[in-house]
Amino acid sequence: MTTFIELLLGGVSLGSVYALIALGFVVIFRATEVVNFAHASLLLAGGYVTAVLSDDIGFWPALLTGIASGALVGAAIEFLVLRRYRGSDHSVLAIVTIGVDILLVTDLTRRIGTDVLAVRDPWGDQLLTIGSVSLAQTRVAALLVAGLLITAFLLAFRYTSWGVAMRAAAENAGTAALMGIRLGRVSLGAWAVAGGLAAVAALFLTVFPTPGLERATSLAALKAFPAAILGGLDSTTGALAGGLIVGVTESLATGYQSDLTFLGRGLGDLAPYLVMIAILLVRPAGLLGTKETARV
Amino acid sequence: MSEPAEHTAVRRRPYDGSRTQQRRFRSPAVPRDPRVCLWAVGTVLLLALPFYLDRFWLQAGLFAMAAAIGAIGINLLTGATGQLSMGHAFFLAVGAYGYCAFAGDGGDGLLGLGLPTWLAVPAAVATAGAAGGLFSPIAGRLRGAYLGIATLALIFIGQHVLFNAEDLTGGFNGRDVPPLSVFGLTFDDAEVTVAAVPFGAAEKLWYAGLVLLLCCGLFARGVLRDRPGRALNAIRDHRIAAGVMGVPVARYRAAVFVLSSMYAGLAGVLLALVFQRTVPDYFGMALSLEYLAMIVIGGLGSVSGAVLGAALVALLPQLLTRYSEALPLVSDPGTGGIAPGEASRYLYGAAVVAVVLFLPGGLASLTARRSSSTPGEDR
Amino acid sequence: MNHSTRPGRGRTRATATALAVLLALTAAAGCSSKAADGKDGKQGAGGVKTGDGVTDKTIALGALTDLTGVYATLGKSVTQAQRLYVKQVNAEGGICGRTLKLTVRDHGYDPQKAVAAYTELEPDVLGYVQFIGSPFVASLRQRIDRRDKALVVPQAWSAELLGSPYIRVVGSTYDIETINAIDFLMKEHGLKKGDKLGHVYFEGDYGENALAGSRHMANKSGLELVEQKIKPTDNDMTAQVAALKKAGVEAVVLSAGPRQAASLVGVAAARRLSVPVIGNNSAFSPQLLGTQAGPALEKAYYVASPALPIGDDSEGPSALASAYAKAYPKDTLDNGVVAGWTAASTYGEALKRACKAKDLTREGVSKALRTMDDFDAGFGKQDFTDPEAPSSGQSVILRPDKKAKGGSKAVRGPEESAAARAYEREPR
């Protein structure tokens, strides 16, 4: 039982990190209807800055700089690349983000080289132990931070003018523009937010229990894709739900792999995708996504 | 590799009837169309290359041909019908391993049905098509981003099966590919001397690759130019309007998914024959992304675009590696600086971004523009 | 081909021209440089028989490495060590009166690029001092054995690669290394019959070959094996540790990468799973000692390695360490340097012997290698007479140590356990 609770908690905390990445992904999709395959590079960019600076200027300033640079990279991608393509087919835009991703990831991995960049975070390898169950403090922090950020975003979507503008743009871009909403600013903001969120997620992916940032860190974005989809691409709460489902599935599939050997070993990576396929078969727009109703 | 390319280039849009008409009236007045000459020279060159090039270049060319076949397939799906697929590598794997399973004789302890190899090729292609058909409940329901990410699942499933179903795939070490044998001619390394040049596997396969690519290109062009092509484009441009106009949208979407999987399967078979051994690492996500890059760079929705893009993406890393000593900025591996592998990734990442920005029709639109302007200059 | 818009005459003419040109070209192909010309077995300078890759002045060697992919850390160290070896040999006048020329190709762990790079270099080199990625070596095996017959030293210690006279693994393979590692745990850490032993391993040749070793050992010694398969992209070992703890393991074997080692040992320490962890030689890199897992690694982690560590006090390692640090002051000293150097010196010795036998052809070199039954590049003895067996059954047990050069020092010298000696591989 203890093992189960530990795996579950581990999954939930990991899932909340995935949810952060998925949230950024969803925010971009809502504002611009672009599927951002460059999310991996946003993650790596923010994480890289944090990790490199944390030795020199201390953890908190480094983290802030990391978040800022993640946001900056996101905004730059929007401003320099995607803005030029407005009006293109969305699947072409998705492929363009793949191109951007290849460029940025190649450059960042070249910089990281063969190093493992450790982040000097305040939590270290401490555990939080309640009864017989223990969880790494970094993971508790991840859970809290992700929870806070996601709540903040849900509120912001509902109550701030930025949120209203973004929802309006997602609803109907043309009408929103006519109502005086600056679509450019909305999409720029969305990309910046996504970059910042990715940087926060990158932090929690590179502290204990992982040794640090290295070239493969960006692959975590691959977990956020099914998270965003199975929650529903246009739903922010869906991103949270999807992230948690992916995290818990992965954690349980790994923890109980010796009981699941008939499916082959090493199921942890695959399980989230299987869950995603199963959900999509029943609900093609994801758990909380809006079903597309087309006007002809 | 480029003959179907130059050919389709002019009338890339099948419904663009006016230009076709115009050309038909003009052509008898032009005694020697430069395109025919170009085409003839191209053919001769392609046929003669195995006599001159060494194995490295032939192999690179074969990789490009296989890539071109696969790219034509994904261009039918993503380019012409607007369905984003990130699972193309999975179907390549089905083709490659399917061929091994059908043609293998079980001598290496792995599943092998021992079919004659010439029969194993269509069987493998059909299996890839069937795999595409199996996925159609999902492919038929999902659109755009949802489909793109759902097909990503295929990559993960594929990798898992390739590593774990050891009796079928040989696990991490892969399995040997039985050489293709058609009408008593075996495409293996046993050397046959033709005009004093020893013909090994690469030389022989070169011709098989050319024939396959030509057939695939012509077939796809037929599909795209005719009724189905127009239907597919209509689905891409406005799904609902297409449905209203009487296009059976769901059936077409499922069919094009199967067709594209079959193309991928054939590309997989050809690759397996060139590699002489299939290994699971190859069929990962990077491969799927490469295929998407190919069709964007080459030009969405056209056969020539797929072929051009495939040639560029497949040959670029090889060129850069081979001539890394002579290029500025690119350094000899292991001495610091930009490695050739990185340089080629920079280049093709940038190419994807730049092509969509500055050349929305891809490389194919360049040749189309040029060849449609040449006759004008003749006048 | 579709000439529906073209008058038939033009097409016929074009076809005829094409055919004529083709015939002419085919006839001319006889003069193509590809036309067969038995270039093997020429007599070169000094009465030495030479073949591919060898001229009177140079011996060309290839290295197929990974500098931009998953094994970049290993590839960089191995390649630089080999460049250093070549530089030193050339400074001393080369081998057989010829200078060595090393051509490096980076395949980024991509099968297509690896096969392409192999094919590119094949006509121009005598052999390959380095080939990272055993699936790729396996995929080229037929070609190497039947056609090219060039001596290849793979930088992968998988038993799958044994059995070819041309593909020669330097050092003990992963299965033997794992047996020696478990032997160490049983002798020094009280692991005994009936105990549970965890094994966390990578999917792929490396992990699964190591698994063959631990399964064998579990069978022979009555241990119960708890297997956990992971992927190279898994960096967080929390779930694995939870599973191992639940199973109640007494020790853990790790056949994965350095990052997994850091995570596993760090998490185990934090969760009070205080059991010894031993990794294969690829599961450690000195960079880890700078991370937060550093102290835990120094406390509970061991590494089994086929060779003495670079930080060892004996003559071979210390000479290499200082030469390498001088040539590449910015780069970390790790055991990849040892692997690269050992492979290059083995190759160099084979070339010297082939020269003495007046046969510097590919066949001559691999024959010369088979005469080396007691070769020591300074890091442990190697016996290359039997292509079916790894060149050594010995493993050194290392312990991470921040103060040592290269981040580790030996706690048990080169030793072949009785279990490893008695080990017989299942027939392939």
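Backbone N, Cα and C atoms are what each Cβ position is placed from, and that goes for glycine too.
Here is what TrEMBL says about this protein:
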REGION    B:1-27  region 'Disordered'
COMPBIAS  B:1-16  compositional bias 'Basic and acidic residues'
TRANSMEM  B:36-53  transmembrane segment
TRANSMEM  B:59-77  transmembrane segment
TRANSMEM  B:84-104  transmembrane segment
TRANSMEM  B:110-132  transmembrane segment
TRANSMEM  B:144-163  transmembrane segment
TRANSMEM  B:205-224  transmembrane segment
TRANSMEM  B:254-275  transmembrane segment
TRANSMEM  B:291-316  transmembrane segment
TRANSMEM  B:346-368  transmembrane segment
*Would you call the transmembrane segment (B:84-104) and the transmembrane segment (B:254-275) in contact, using three or more Cβ pairs under 8 Å, pairs 6 or more apart in sequence?*
yes
_How about the transmembrane segment (B:110-132) with the transmembrane segment (B:346-368) - do they touch, taking at least 3 C-beta pairs under 8 Å (6 or more apart in sequence) as contact?_
no
_Non-local residues, at least 6 beyond the ends, that sit with Cβ under 8 Å of the transmembrane segment (B:59-77)_ = 1, 49, 53, 83, 85, 88, 91-92, 202, 205-206, 209-210, 212-213, 216-217, 220, 223-224, 232, 256-257, 259-264, 266-268, 270-271, 274, 290-292, 294-295, 298, 300-303, 305-307, 309-311, 313-315, 318
*Folded-back contacts onto the transmembrane segment (B:254-275), same chain, C-beta under 8 angstroms, at least six residues removed*: 59, 62-63, 65-67, 69-70, 72-74, 76-77, 80-81, 83, 85, 88, 91-100, 121, 124-133, 135-136, 139-140, 177, 179-180, 187, 201-202, 205, 208-209, 212, 216, 220, 223, 232, 282
*Please indicate, using numbers and ranges, the residues of the same chain that are 6 or more beyond the transmembrane segment (B:205-224) and have a C-beta under 8 Å from a C-beta there.*
1, 3-5, 7-8, 14, 46-47, 49-50, 58, 61-62, 65-66, 68-69, 72-73, 75-76, 80, 180, 182, 187, 232, 259, 263, 266, 270, 273-274, 301-303, 306-307
